[in-house]
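The block underneath contains the structure these notes are about, expressed in structure tokens.
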Amino acid sequence: MEKSFFKASREGDVSGLRSYRKEGGDINIKEKGSMRSALHYAASRGKLPAVEWLVSKGADVNAKDALRRTPLHEAAAKGRVKISQILITKGADVNVKDFAAHETPLHSAAGQGRNGVVELLLSKGGVVNATDEELQTPLHRSAQGGHVRATQILLSNGGSINIIDKAENAPVHCAAAGDHIEAVKLLLGQGADVFARNKENQSPLDVSGSQSVRKLIRARQKQIDRQIMQHDLLSKDGGVKVNKIKLIVCGDEATGKSTLIGSLCRTGIKAVFTREKHKQAETDARNPTAGVDVGNLTVPNAGEFAIFDFAGQAEYYVTHAMLMHAKLGVYVTVYNITDDVETQTQQLQRWLRMIKAGNADPSFTPKVVLVGSHGDKIDKQKGMSRAAALLRSMREQFRHQLDISTEAFVLDCEVSQSSDMDRLRKHLAFLKQEVLKDQPELPKLCSEIVRKVPGWCKNNIGGGAPVLRWAEYVQAVKEIDPLVKEDFLLKSTEYLNDIAEILLIKTTSSDPIVVLTPPWLCGDVFGPLLAPENFPIDHIERESDDHVTFREISRVFSQTVSPKLLISILREFQICHTYDGQDFIFPSLLHKLPPLREIWKPTKSESVVYFGCQVACKETTDGFSPDFFPRLQTALLKEHPGTFPVKPAIWKDGMIFTDGKSEGLIAMSPDNMACNIVVRNPGGYREYCYYLLERLQKKLSKVLEESSPGTSVVERVLSSRALKEHRNTFYTYDRKEVQEAARENGSLSHPVLQWSERVHDLVVTQEGPNKNTFRLVAKQLRITEWRELGRELGMSDSTLDRLQKDYSGDLRETVYRMLSKWEEGADSSCSEARERLSEALVAVQRRDIADVLMCDEGGADSELVQPQTLQRVAESLQLQDCRKLGRTLGLSDAQQDCIEHRFPHNLAEQQYQILVAWRQQSGSAAYRHTLATALEDIGRLDVAEEIQDDE
């Protein structure tokens with residue numbers, strides 16, 4: 001009867017299968033010798049109806065034959081796409097390995113060129129770089145067989161192109177050895193190392209027997225040799241002699257900045273600026289700078305400067321901040337000497353804070369010159385006395401952050417031939433020499449990029465604007481140097497940014513953006529875009545609700561740039577946001593926040609809970625860059641409708657929003673020296689407040705680091721009681737005081753409000769059951785291991801990519817967030833999650849961490865079994881001892897079957913994992929004497945005595 005059953009499965013005879021089952025036969029019975037099931041045969045022969053019937057009646061989709069191959073192995077090897085789909089849907093393990101070669105179904109499919117199955121397995125979680133017994137990946141197999149399409153699919157899904165097997169053969173070795181010219185061509189085109197050598201010191205050229213393949217490889221070798229020579233040449237110093245620095249002229253509007261610039265070069269600036277400025281009488285209408293005028297200026301006796309003339313109106317601050325960094329530059333800060341001292345002090349402090357906020361490089365200190373303008377309107381001695389006092393004050397305040405020149409300047413900016421103007425020129429020449437001192441010559445690649453920029457603009461490679469996304473820029477530069485590394489290119493581009501040949505703008509929302517012609521962005525775009533309402537140029541008009549329409553943007557810019565392209569660039573700069581592509585929100589142009597009591601009203605719920613924090617400037621010299629809060633706002637606006645189901649309410653200095661569970665408020669302080677975050681939950685659910693608050697804090701930290709790298713901040717805790725009472729002022733506690741109170745009596749008093757609050761009411765935390773475990777793992781995991789662990793835990797590459805992007809640069813935080821996210825999605829208890837994590841750590845060769853987790857769970861009890869004891873016991877056991885000990889310790893057969901399934905060819909590992917499972921299951925009751933008793937029960941007195949003697 002069994003023979004007819006297996007015959008029916010091979011022939012796809014469903015009626016024969018039914019008859020066998022009707023007579024009481026077990027459809028999971030295995031054939032003697034081969035140990036194959038009926039499903040193995042039906043899957044291998046492509047008998048779809050038989051497969052469908054068998055799985056519908058409960059056939060084991062993970063049944064293993066004598067070689068431990070599953071039905072999915074068979075279907076994959078034969079290219080049965082539909083059958084493979086059915087098996088996977090019914091729970092077939094896509095990454096199971098057989099006994100003979102340790103190959104996965106993906107190995108089987110790739111080795112036979114089964115393209116459809118390869119795509120299916122990868123889409124269902126197949127590990128693209130899984131290794132077999134010879135450490136070969138599916139890519140090795142497809143290359144070895146010359147299967148071009150399968151090779152292409154694997155590469156496009158993350159297949160490692162230069163990974164080596166036990167013999168240190170890369171996939172290109174395999175393709176070349178088989179003389180598969182198309183596969184070799186594909187691999188070389190995708191970046192395979194043509195010079196790679198295996199254990200026998202053979203390159204792909206050495207292992208190939210085909211003249212055509214050898215000719216192809218030789219040609220590629222010559223091409224790489226030429227590229228290396230060119231790359232080495234372009235990477236050397238000597239391409240660009242640095243003889244220019246930035247001259248950033250900043251200050252409030254109408255202080256005479258542009259007039260000063262014109263006088264510095266004697267003949268005016270009209271020859272180098274795109275917009276001609278005429279000297280005007282006092283009665284003439286003003287012709288103010290729109291945005292930032294950018295151009296090259298030659299100052300007599302000082303040489304060439306890249307000039308940045310900041311407009312100075314508050315509406316433009318957000319763009320001024322984007323351009324404030326100048327490693328190779330000097331800042332000339334202009335103020336009106338006739339203004340009152342308080343006004344002068346406030347203006348200078350604002351600009352000096354802005355300079356400090358934009359510069360965080362510890363290798364240099366920004367050089368600043370203070371210039372008092374309108375010197376003709378004040379007695380000279382009085383003016384110099386006032387300027388000297390201001391200079392002393394600013395130098396004292398910013399003595400540790402800025403290198404403010406000791407020379408005081410008071411000028412009539414309209415007079416170019418005065419002694420004071422000559423003194424300023426000489427001083428700028430001296431500062432320029434200081435900035436360029438020890439500055440190496442730039443790589444030759446820089447000069448090549450500068451030479452290519454006009455052609456790139458002419459050929460419109462930016463698609464309608466002289467702007468390139470980073471990927472586009474890299475591609476363009478690779479036409480100059482095909483081997484250029486991105487980190488080297490980034491450094492070279494930073495050099496060019498330092499001398500204003502191009503602009504390199506980095507944002508949290510995207511890769512860097514390269515502006516090929518700085519005057520276009522700074523003047524032609526920023527000027528009309530953000531101009532004040534009374535500005536004497538054609539500029540954007542805002543609607544009554546402060547929004548800007550697409551129609552209005554098109555009206556102003558359609559003659560110079562594609563409006564859609566311009567908008568996409570502005571959004572990447574985080575200057576604006578839109579929900580529908582028609583109305584645009586520019587946060588920096590909005591009205592100020594109304595009184596909080598009008599918009600952030602008390603709730604009627606008695607159980608409502610409030611929590612909040614404040615991020616404040618640490619010193620009086622610190623300040624948030626003007627683009628900090630607008631960027632934070634646009635980043636949060638992007639969270640609708642995903643995180644925030646309702647559109648946030650937004651003002652220039654505040655926002656209100658909800659994630660559907662809790663409500664949130666962020667608001668800048670009136671002096672812009674602190675940012676307050678408040679969350680509340682009407683139902684009293686603290687954990688919901690935690691999730692929203694943590695999300696907001698993370699967003700704020702990222703934007704702050706990018707927009708204000710030179711600003712030092714302190715974190716404070718907001719008074720929950722004051723928040724609940726909706727007071728007009730945000731009252732805070734020092735975070736250190738809160739932490740100390742938590743360690744002592746659990747409460748603290750507010751010095752102003754004269755009341756006490758419990759730490760529990762002030763601080764909300766999410767103490768996940770495995771928080772400490774995850775922190776421990778994050779501390780020890782290496783950078784090369786975290787993704788492998790994530791995949792072992794079942795997390796997708798797209799999820800891992802998002803985590804890497806969100807927490808780039810912080811490996812520990814990335815690992816911790818990955819494990820927390822995994823725990824959130826895992827339907828398991830705390831102990832089950834720890835057990836699964838331990839298994840995954842063992843799978844990625846980090847048993848040392850898994851062992852520490854196990855000990856960590858048990859605390860410091862010296863009577864508990866330690867990992868080294870378990871290891872010694874496992875090594876002492878015989879095959880017949882293993883299951884008996886497991887049963888004696890209380891493990892079920894199902895638990896032990898699962899362990900055997902995970903480690904099918906490693907008996908020592910099976911024995912160790914059985915002991916680990918008992919240790920984790922027993923927790924604080926996993927005593928040595930319990931294990932010793934179990935060993936005695938199965939007749940292993942020798943091992944029992946050994947562990948009883950442990951210290």
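Residue positions begin at 1 at the first shown residue.
Cβ atoms here come from the backbone N, Cα and C positions, even for glycine.
Automated prediction, rather than curation, is the source of TrEMBL annotations.
The shown structure was predicted, so the numbers you read here are calculated from the model rather than taken from an experiment.
Lifted from TrEMBL, the feature list:
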type: REPEAT; residues: 34-66; note: repeat 'ANK'
type: REPEAT; residues: 67-99; note: repeat 'ANK'
type: REPEAT; residues: 101-133; note: repeat 'ANK'
type: REPEAT; residues: 134-166; note: repeat 'ANK'
type: REPEAT; residues: 167-199; note: repeat 'ANK'
type: DOMAIN; residues: 238-435; note: domain 'Roc'
type: DOMAIN; residues: 785-853; note: domain 'Death'
type: DOMAIN; residues: 867-951; note: domain 'Death'
Could you count the residues of the domain 'Death' (867-951) that DSSP puts in helix, in strand and in coil?
67 helix, 1 strand, 17 coil
For the repeat 'ANK' (167-199), what are the same-chain contacts with Cβ under 8 Å, counting residues 6+ beyond its ends?
134, 137, 139-148, 151-152, 155, 161, 205, 207-210, 212-213, 216-217, 220-221, 224
What are the DSSP helix, strand and coil residue counts for the repeat 'ANK' (167-199)?
16 helix, 0 strand, 17 coil
Apart from its near flanks, which chain residues at least 6 from the ends of the repeat 'ANK' (34-66) lie with a Cβ under 8 angstroms of it?
5-6, 8-14, 17-18, 21, 27-28, 72, 74-75, 77-78, 80, 82-83, 86-87, 90-93, 96, 98-99
Mind tallying the repeat 'ANK' (134-166) by DSSP state, helix then strand then coil?
16 helix, 0 strand, 17 coil
Per DSSP, what is the residue count of the repeat 'ANK' (34-66) in each of helix, strand and coil?
17 helix, 0 strand, 16 coil
